[in-house]
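Taken straight from Swiss-Prot:
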type	residues	note
BINDING	C26, C29, C57, C228	[4Fe-4S] cluster binding site
COMPBIAS	155-166	compositional bias 'Low complexity'
REGION	150-172	region 'Disordered'
Amino acid sequence: MPVNIKQLAQEFDKKEIGITQGHRLCPGCGAPITVKFVMMIARHLGYEPVVGLATGCLEVSTSIYPYTAWSVPYIHNAFENVAATMSGVETAYKALKNKGKIPEDKKYAFIAFGGDGGTYDIGLQSLSGMLERGHKVLYVLYDNEGYMNTGNQRSGSTPPGSDTTTAPVGKKLPGKVQLKKNIVEIVAAHENVYAATASLSEPMDFFAKVEKALNFDGPSFLAVFSPCVRFWRVNDDKTVEISKLAVETKYWPLYEVERGVYRVTRKPRQFKPVEEFLKAQGRFRKLLSRPDAKEIVDELQEYVDRRWERLLTLEEVTKDKPIR
């Protein structure tokens, strides 16, 4: 049954969802909105959330000793091992439940939050292990496309042409030249999983995917497009607008993969050119001022077009053909 936004707003108007005001994340940051969306649905479905936090913007800004913005059990571990940590928590829960030490009617949701640095790169091995072993954990990636907590270094998620401190736009190179990793396909390759993309500009799609992920009998993964206003150089009231542009330009297609079956969940009737997405952000300003800017933008447009067509093909050929 689809989640009703008005009902959610009324339900959580005065009810605690797990993260409170007073955290130190930047105004306009996509991460706390992501957390609130996920926690609201978990609570709405009757789950008690247990949270793991990889080192990163979200962790350092919500749990600076001796303060915390969390009102649910949470664990801060290292940069690279939140998936491994939550695998252990989920396994301990099952052991205690088998011994009768946890009531049968008590529902827990084990949720790991990590940024792109701790997911695409540093934590990829522990994430893969969690998926392969089949732990019932929801891993939520807030993807701000760089190591933003430490000052905007490039990551495996940083797109071509983005200006970062470790891959700056200069005379010889137009910023980062490598393509962004396709993390959802990497996760989906583990086969018996649920993996999806989400955008803050599409809350109903977001909520539906969180519900499906939490109720999935196995590991689940949600990649959320999470603008960083500080290093993307956008105004703090543009978070949702940038997120919407990402969807409308095919830069961030919305889809899900359930046990190998692809489904595109948003198909805009008309797409905007990817250049509109680039022009809306200061991190691409130097790229767009280069003499070869048109050539680079055209290449990126061709790439997102091809990727979109590939997604539609995968949706067609995997329809009704789950791995298991």
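Here the Cβ of each residue, glycine as well, is placed from N, Cα and C on the backbone.
Note: the [4Fe-4S] cluster site is recorded as C26, C29, C57, C228; in the same chain, L25, G28, G30, A31, S61, N144, M148, S226, V229, R230 also have Cβ atoms within 8 Å of that site's Cβ centroid.
According to its DSSP assignment, C57 ([4Fe-4S] cluster binding site) is helical.
Around C57 ([4Fe-4S] cluster binding site), a 10 Å sphere centred on its CB holds 25 further CB atoms from the protein chains shown. For the region 'Disordered' (150-172), DSSP puts the residue distribution at 0 helix, 2 strand, 21 coil.
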